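Colleague: When I checked Swiss-Prot for this same protein, it listed these features:
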- E303: active site, proton acceptor (ACT_SITE)
- H259, D271, D332: Zn(2+) 1 binding site (BINDING)
- D271, E304, H430: Zn(2+) 2 binding site (BINDING)
- 124-218: domain 'PA' (DOMAIN)
- N142: N-linked glycosylation site (CARBOHYD)
- N235: N-linked glycosylation site (CARBOHYD)
- N272: N-linked glycosylation site (CARBOHYD)
- N352: N-linked glycosylation site (CARBOHYD)
- 464-495: region 'Disordered' (REGION)
- 1-21: signal peptide (SIGNAL)
- Y429: site 'Transition state stabilizer' (SITE)
Amino acid sequence: MKTQLLSLGVALTAISQGVIAEDALNWPFKPLVNADDLQNKIKLKDLMAGVQKLQDFAYAHPEKNRVFGGAGHKDTVDWIYNELKATGYYDVKMQPQVHLWSHAEAAVNANGKDLTASAMSYSPPADKITAELVLAKNMGCNATDYPEGTKGKIVLIERGVCSFGEKSAQAGDAKAIGAIVYNNVPGSLAGTLGGLDNRHAPTAGISQADGKNLASLVASGKVTVTMNVISKFENRTTWNVIAETKGGDHNNVIMLGSHSDSVDAGPGINDNGSGTIGIMTVAKALTNFKVNNAVRFGWWTAEEFGLLGSTFYVDSLDDRELHKVKLYLNFDMIGSPNFANQIYDGDGSAYNMTGPAGSAEIEYLFEKFFDDQGIPHQPTAFTGRSDYSAFIKRNVPAGGLFTGAEVVKTAEQAKLFGGEAGVAYDKNYHGKGDTVDNINKGAIYLNTRGIAYATAQYASSLRGFPTRPKTGKRDVSPRGQSMPGGGCGHHSVFM
């Protein structure tokens, strides 16, 4: 009773000073958030209306996408800001920043046969260069992986172990005039070099099947490749949107995030309109409750160009401010059409990549969400290839949900989750077909309820959660092994 009277007194004082929003007037009388009630506020119609809104933003402009710095993305962040500001429940801000945008297209022809290829973003241009193809050894991550005759040649490199940028730089150092990276799992390959670097060679990605075929041809004879890469670059102003509950303990912050941008090819509705709307729907539902711990939501810009927005945000916080963030939950692609229910492997039991202390407990909480309903789930590699990367590098516990990108579903997974074996989790990943029709309604609804479940648990109490590790730096680069994807920038952007 004393606490209630104190809260009411604070509210009345604020009213007398004329500085409190209408929603906050009701704060002392709202029930404390709990998992069941918050989940029950999640409605499929709201989720589908939200992703439709994002598609409308994209299609209102000639580019038909929501790439950072573009009109469709600006409409997206303005809408998120205005919707949450209108609730009166959150302190909302837009965080401006400038990043280098790149658009690249590639054409690759080998021995007279055209191959499907994607230029790596930030690749140097190549004007119809023609040269003999040579093979890099051991994934091309070290200078010794390149044969002496690499100079003046185009080099074929298998994906894995190190970043695309490292491979391209090593190829450039070896005086290759071009680099082609082929996938190490079935399917096409698109990605980024992570930024401009004068060491980079012009670089494109191709499928595993095409890459293996080229490697076989090189081993048995000469292969001549013609490669064309067109690249454009432009500095663009863009924004993160950050919203934090006005109530709750602001020294114990629960943070959730999703990236709000798309690739150039389409509107990006599963990747990552699904996560964007998932956490927004939870944020709106949360306004019906009070919280013990403050909840902060982040919508990150420029994820598709190298996790730029989330990295900018984390870098803007000193150790004292970041220490207030007790955990970070990431949601990137939660409506994949051929989905699998996947939880980031916080304890490292599946992929030997553990998160900071507390990441295991986040994984176990999501496991309980699925287990309590008898719903199957599996771990996904916690490699730091989505927006949680900047957080775990600074020792913030992290976790989240993911329903799959371009990795092909196995027969065993099809038995477990349904869907079609031999087909990617999202066959429209990074394509123009990533529209509202690409969303699996059951997946986005279930996983958004999972977001609500975790939000309610941690917003009400952190009892039993490990003491927040000291803010510091840690290496999250997965070297020496190849892992399936764990998100959007996740699977194919860097490595």
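Note: Cβ is positioned from N, Cα and C throughout, glycine not excepted.
Each of these features: where is it, how hidden is it, and who are its neighbours?
Modeller: Classification of E303 (active site, proton acceptor) by DSSP places it within a helix. Other Cβ atoms within 10 Å of the Cβ of E303 (active site, proton acceptor) number 31 in total over all chains.
Taken residue by residue with DSSP, D271 (Zn(2+) 1 binding site) is part of a helix.
Every protein chain shown contributes to the tally, and the Cβ of E304 (Zn(2+) 2 binding site) ends up with 27 other Cβ atoms within 10 Å.
Residue counts for the domain 'PA' (124-218) by DSSP state, with H, G and I taken as helix and E and B as strand, are 30 helix, 27 strand, 38 coil.
Counting Cβ atoms from all protein chains shown, N235 (N-linked glycosylation site) has 9 others lying within 10 Å of its own Cβ.
Taking all protein chains in view, 32 other C-beta atoms sit within 10 angstroms of the C-beta of N272 (N-linked glycosylation site).
In this view, N352 (N-linked glycosylation site) is surrounded by 13 other Cβ atoms within 10 Å of its Cβ, with every protein chain counted.
Under the three-state DSSP scheme, Y429 (site 'Transition state stabilizer') falls in the coil class.
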Colleague: Within 10 Å of H430 (Zn(2+) 2 binding site) by C-alpha distance: pick out those among the recorded positions N142, N235, H259, D271, D332, N352, and say none if nothing qualifies.
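Modeller: Final answer, ordered: D271.
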Colleague: Measuring CA to CA, name the entry from the recorded positions N142, N235, N272, E303 that ends up nearest D332 (Zn(2+) 1 binding site).
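Modeller: Closest candidate to D332 (Zn(2+) 1 binding site), judged by Cα separation, is N272.
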Colleague: Specify the nearest of the recorded positions N235, H259, N272, N352 to E303 (active site, proton acceptor), where nearness means the distance between Cα atoms.
Modeller: H259
Colleague: Between the Cα atoms of Y429 (site 'Transition state stabilizer') and D271 (Zn(2+) 1 binding site), find the distance and write it as a whole number of Å.
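Modeller: With distance taken Cα to Cα, D271 (Zn(2+) 1 binding site) is 7 Å from Y429 (site 'Transition state stabilizer').
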Colleague: In this structure, which of the binding-site residues H259, H430 has the fewest other Cβ atoms within 10 Å of its Cβ?
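Modeller: Result for the binding-site residues H259, H430: minimum number of other Cβ atoms within 10 Å at H430.
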Colleague: Within 10 Å of its Cβ, which one of these recorded positions (N142, D271) has the largest number of other Cβ atoms?
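Modeller: Counting every other Cβ within 10 Å of each candidate, the maximum falls on D271.
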Colleague: How far is it from N235 (N-linked glycosylation site) to E304 (Zn(2+) 2 binding site), counting Cα to Cα, in Å?
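Modeller: Computed Cα spacing between N235 (N-linked glycosylation site) and E304 (Zn(2+) 2 binding site) is 15 Å.
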Colleague: Which whole-number mean pLDDT does the model give the domain 'PA' (124-218)?
Modeller: 96
